[in-house]
Amino acid sequence: MKLLLLTLTVLLLLSQLTPGGTQRCWNLYGKCRHRCSKKERVYVYCLNNKMCCVKPKYQPKEKWWPF
């Protein structure tokens, strides 16, 4: 029983200490970063003041407004 409690405690501490990776954005297609890679573009900004880096194929197409 003590071993089980110790194992659960260690797993809980490890899950709090190591983040799961970068925050996701734009319907889980983008990642919040300080800088985007060459193959990505900024479309929106994340809540943590980082850029939401999204590959161009996942960004919406620009539509021209008819006048």
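Placed from the backbone N, Cα and C atoms, the Cβ positions cover glycine too.
Of the listed residues Cys32, Cys36, Cys36 is the one Swiss-Prot pairs with Cys53, by disulfide bond.
Counted within 10 Å of its Cβ, the other Cβ atoms near Cys52 (disulfide bond) come to 22, all protein chains included.
Cys32 (disulfide bond): 19 other CB atoms within 10 A of its CB, across all protein chains.
In this structure, the CA atom of Cys36 (disulfide bond) is 8 Å away from the CA atom of Cys52 (disulfide bond).
In sequence order, Gly30, Lys31, Cys32, Arg33, Cys36, Ser37, Glu40, Arg41, Val42 are the residues near Cys53 (disulfide bond), counting only same-chain partners six or more apart with C-beta under 8 A.
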